[in-house]
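Worksheet: one structure, shown below.
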Amino acid sequence: METQFVLSSRCAFQASRLSYYPISHLLSKKKTRVALNNRSCCRHSHRGLRGNVHMEVTTSPKVKKLSHPQSLLDGAQLFIFDCDGVIWKGDTLISGAKELVTQLKSMGKRVYFITNNSTKSRAAYLKKFISLGLDNVEAEEILSSSYAAAAYLTSIHFPSKGKKVYVIGERGIEEELEKHNISFLGGESDKDKFLDMRPGGKVVQDPQVGAVVVGFDRYINYYKIQYAQLCLSQNSDCLFIATNLDSVTHLTDAQEWAGNGAMVGAIRGCTQKEPIVVGKPSSLLIDHVIQKHRLEPNQICMVGDRLDTDILFGKNNGLQTVLSLSGVTTKETLFSSKIIPDYYIQSVADLLNK
Ligand SMILES: [Mg+2]
């Protein structure tokens, strides 16, 4: 049976989270000055989750290299790894990754893998793990933003409302919606759609669409944008859900490519609406993990290669954070950043207990 998020009374839940992880604790522990967004002390709007950065580190304490992993390994009960740039690079496994997963599991630690890439479902991701030799990973340990979108809709009882989802995105979102018994249209089936631009030509949207999910889509076109725009502006209470807001992604090793921020930006631009973000740095996935395993946030360690998603995601949720220099962040960028991880490593091999 699929695990579901429990998201009722989210703001009350957030208040309880803050009660045991107060800002004063952040101040003393991190020795940094924290500025709250002056709109609210709660990072959730009453419409749902957003990807807002709710705290801003305004000083730059020394960035610490993790030289002795034992204390980190002793203190953290659960590790969350970003995938690309941490576990693998493209189609190459990063040295030490498999051994680390084995080591952590043998120590009784929980391990999760998190990715903002929505083009694959958890089942499809598992095939990639296995193809790279990571046969010690389970599908339930993979948290993709495609899964997060479907799980979020399930948590708000969307499937029982008889509504459908309009998908801007690829097969990963469709597979997760199917697995969660959520009806959908659009997506891959609309990738070759043309518009009737003759006099009187128009697109007619399905009035039963109650949510538009926007994920990375290499086949986005004007038909999909117009369809989504009509659903969001004309269907009552239609939700706008973004798998993530990543500005760039890595389709090839030759350059950075426009990320899902481009797709979300198109819909945001024509509707003037803000999306509910379900991937990093939104708190939804970490809330799910915390509730499931009944852990304190500081018992969880986030290991990532990107400061503005992985490390910010960890810091915003009170996790321990480790930046790996095996991905997109250089040492120069790290040392000049206002987002400071607890530690940095060259690669996950540095976490091995040698
Ligand atoms: Mg990454």
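In case you wondered, yes, glycine gets a Cβ from its N, Cα and C as well.
Record features (TrEMBL):
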ACT_SITE  Asp82  active site, nucleophile
ACT_SITE  Asp84  active site, proton donor
BINDING   Asp82, Asp84, Asp305  Mg(2+) binding site
BINDING   Lys280  substrate binding site
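Note: the Cα of the residue listed as 'active site, nucleophile' and the Cα of Asp305 (Mg(2+) binding site) are spaced 7 Å from each other.
Other Cβ atoms within 10 Å of the Cβ of Lys280 (substrate binding site) number 33 in total over all chains.
The recorded positions under consideration are Asp82, Asp84, Asp305. Their Cβ neighbour counts within 10 Å are lowest for Asp84. Rounded to a whole number, the distance between the Cα atoms of the residue listed as 'active site, proton donor' and Asp305 (Mg(2+) binding site) is 8 Å. Here the Cα atom of the residue listed as 'active site, proton donor' is found 14 Å from that of Lys280 (substrate binding site). In this structure, Asp305 (Mg(2+) binding site) belongs to neither helix nor strand by DSSP; it is coil.
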